Amino acid sequence: MKSLLPLAILAALAVAALCYESHESMESYEVSPFTTRRNANTFISPQQRWHAKAQERVRELNKPAQEINREACDDYKLCERYALIYGYNAAYNRYFRQRRGAK
């Protein structure tokens, strides 16, 4: 019992010494990781936003046929399951090629 009190004091001092919070840890300017909607919109200028949207439209128009077929297959659950086993090309041919009239 006599050795318990000095041991508890020693443990408390060790915790205080190891858990000391220095001033350096408070120097971070990221007090809050979240930002307001107004500040979020200032990162990208309207011209850059317009350019990015235009590029996305161009990419959508110039997609390869295989990617368009895969997206159509992804939207249909049975086709997607079939594609996991036999591949997207075979799945698209099975579920969608007949509907378009091609053989």
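Glycine too: its Cβ is placed from the backbone N, Cα and C atoms.
Among the features that Swiss-Prot reports, signal peptide is placed at 1-19.
Annotation comment: Swiss-Prot describes Glu21 (among others) as 4-carboxyglutamate, evidence class similarity to another entry.
What Swiss-Prot records for Ser22 (among others) is phosphoserine, and it gives experimental evidence as the kind of evidence.
Summarising the annotation, Swiss-Prot assigns phosphoserine to Ser25 (among others).
Sequence annotations record features per position, and here Swiss-Prot assigns phosphoserine to Ser28 (among others).
Mapped onto DSSP classes, the domain 'Gla' (51-97) shows 42 helix, 0 strand, 5 coil. Here Swiss-Prot flags 51-97 as domain 'Gla', drawing on sequence analysis.
As annotated by Swiss-Prot, 4-carboxyglutamate applies to Glu56 (among others).
With a 10 A radius on its CB, Glu60 (4-carboxyglutamate) counts 9 other CB atoms from all the protein chains. Here Swiss-Prot flags Glu60 (among others) as 4-carboxyglutamate.
According to Swiss-Prot, the 4-carboxyglutamate annotation covers Glu67 (among others).
Marked as 4-carboxyglutamate by Swiss-Prot on the basis of similarity to another entry: Glu71 (among others). Long-range Cβ neighbours of Glu71 (4-carboxyglutamate) (same chain, at least 6 residues apart, Cβ-Cβ under 8 Å): none.
As annotated by Swiss-Prot, disulfide bond applies to Cys73-Cys79. There are 24 other Cβ atoms within 10 Å of the Cβ belonging to Cys73 (disulfide bond).
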